[in-house]
Structure formats: structure tokens, C-alpha cells
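Okay, here's the structure, questions in a sec.
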């Protein structure tokens, strides 16, 4: 079987789309894996760095970039590509990557998913997005469409690369013609990282199964929260049906507060939450995650 695999690599030096897709999936697991490591070891790194930025959210992409750049420097491939025995080469000459291509590859591998993840998180939380953020998200949609087209042309052997990024950098994926030359220290470190990838996949599987067992074994309704008696002046000022408790007008963009159950205008409840951090009616503490947009049909 090993001899047949070697013959295949010699006769056909082009990896299949399944190997490429698997390597991309493994690359995309680095960021959540680092976040899980921080949580598992109890590293209290989730505090504000500047504005809305949090140090854990910004440290993980930086470590991801360092890991990808290390692999691109030593093996001319990303972490996932090296795991599946692939290598990046120049499309026209077949040479390995130069420093500029290594830096650009590591940057695009890390910060494109980072920016897209940030934008999608803001949209999921129904936060207001600026026009340039909307245009940037549209650009990501166009990129994914272009990547799907490149993948199709790669499948029918009409294109030498599977992604617009590879086409932009003038690169393609191939099986290495010879094993990478690296010192003993580098070999040990990279092998430890590959073993860590197996370990992380096992931990993820074990954790998901453990959570499933816990949820399946304790399907008991939680106790009701103690009812807070509202002051008389608050009870008298409660709005009529269909009115926002804050502006006392007809509700626009209805948004429910999961803590109290009241429905407000989106702008009213967000403005009040940012200023006071509580529900306007019950004065229970709330956060942006407690607000649920209601889409009427």
C-alpha cells in the first residue's frame, strides 16, 4: 500500500479537493482550540484591552499567526496543509515560498477569518454596523462565491489553484517532492503540535459527549425566579398593549428582554442598557446577550 501511494504521488503530484478541504478545516480549528485551552487552564485573559476589544479575542489570532508563520517558514505549508502532507509552491516555477509570500500567506490565513468572525458576531448580536462594515461583509460574500468557482475549476482540472488567494499570490498546492529539511529542535516542536491537534480533537469529542450526557440526564425544569414586587408608581406607569415601556409610543423593531419578558423598541432598550445596564421596568441587570429581536410575519 505504501509503495502504491508513492507511485501515485510521483505520477500525480496534485492533491485532491478532499485533502485541501480537510487541511482548511484543521486550520480553522486553531482559533477555537486556543480559546478552549485558555478556558481549560483557567487563564483569566478575558478583559477589555481597548474599547470593545478584549485581550483573549486579540491574543488568539496573534498566536495563530505565529504558528502559521512558523510552519510556512519551516515547511512551506500551513499547519493544516503540513498535517496532510501538502506544500505551497510557486505556480510558474515550482519553487518554495519566499519571505514575502510566507508573510502574506500567514497574514491572510489568520486575519481574514478573524475580521469575518468579528463582523458576523456583531450582526448576530444585532449591533449597528457602519456602511464600510456592510461593504466589507459583502466583499467576503463575493470572496466565498469566487472561491466556490475556483474550486469547481480545480475539480475539472481547468485551474492550477483552488482559491482566489492562491491565485493572487501565484501559489498552488502540491505534494512535496522531498522531505522538508529541518533541525532536530524544529522537528520535535512541529511533531508535538501535530500530536496536540489529535489531543484537541479528542478533548472536543469527549467534552461534547460529556455535555450531552449531563443535559440528557437532568431534564428538570429550573425553579422560577423570585417575583419582584414593582413599586406602585411603576405599576401605574406601565404602557398599554403594543407600546414601548421607555418611549411610550408604538413599538418599532420589537426586541424582547429575556430577563424580564418585556418588549421594547430596539433603540430604546439598547440606549437604556448602555446607560444603566438594567431592564427599564424591573431594574434587573441585563446585557446585550439578553436582548432578542422579534421578527413579525
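Keep in mind that glycine also has a Cβ here, set from the backbone N, Cα and C atoms.
Pulled the feature table from Swiss-Prot, pasting it below:
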- 244, 247, 265, 268: Zn(2+) binding site (BINDING)
- 1-16: topological domain 'Peroxisomal matrix' (TOPO_DOM)
- 45-48: topological domain 'Cytoplasmic' (TOPO_DOM)
- 74-98: topological domain 'Peroxisomal matrix' (TOPO_DOM)
- 120-124: topological domain 'Cytoplasmic' (TOPO_DOM)
- 159-191: topological domain 'Peroxisomal matrix' (TOPO_DOM)
- 220-297: topological domain 'Cytoplasmic' (TOPO_DOM)
- 17-44: transmembrane segment (TRANSMEM)
- 49-73: transmembrane segment (TRANSMEM)
- 99-119: transmembrane segment (TRANSMEM)
- 125-158: transmembrane segment (TRANSMEM)
- 192-219: transmembrane segment (TRANSMEM)
- 244-283: zinc finger (ZN_FING)
Measure from the Cβ of residue 244 (Zn(2+) binding site) and count the other Cβ atoms within 10 Å, all protein chains considered.
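Residue 244 (Zn(2+) binding site): 22 neighbouring Cβ atoms within 10 Å.
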Tell me, what is the mean pLDDT of the topological domain 'Peroxisomal matrix' (1-16)?
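Residues in the topological domain 'Peroxisomal matrix' (1-16) carry a mean pLDDT of 52 in this prediction.
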Starting from the Zn(2+) site formed by 244, 247, 265, 268, give every other residue of that chain whose CB sits within 8 Å of the mean position of their CB atoms, in sequence order.
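So the extra residues in range turn out to be 245, 246, 248, 249, 251, 252, 264, 267, 269.
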Could you work out which of the binding-site residues (247, 265, 268) has its C-beta surrounded by the smallest number of other C-beta atoms within 10 A?
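So among 247, 265, 268, the binding-site residues given, the one with the fewest Cβ atoms within 10 Å is 247.
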DSSP-wise, what's the residue breakdown of the topological domain 'Cytoplasmic' (120-124) into helix, strand and coil?
5 helix, 0 strand, 0 coil
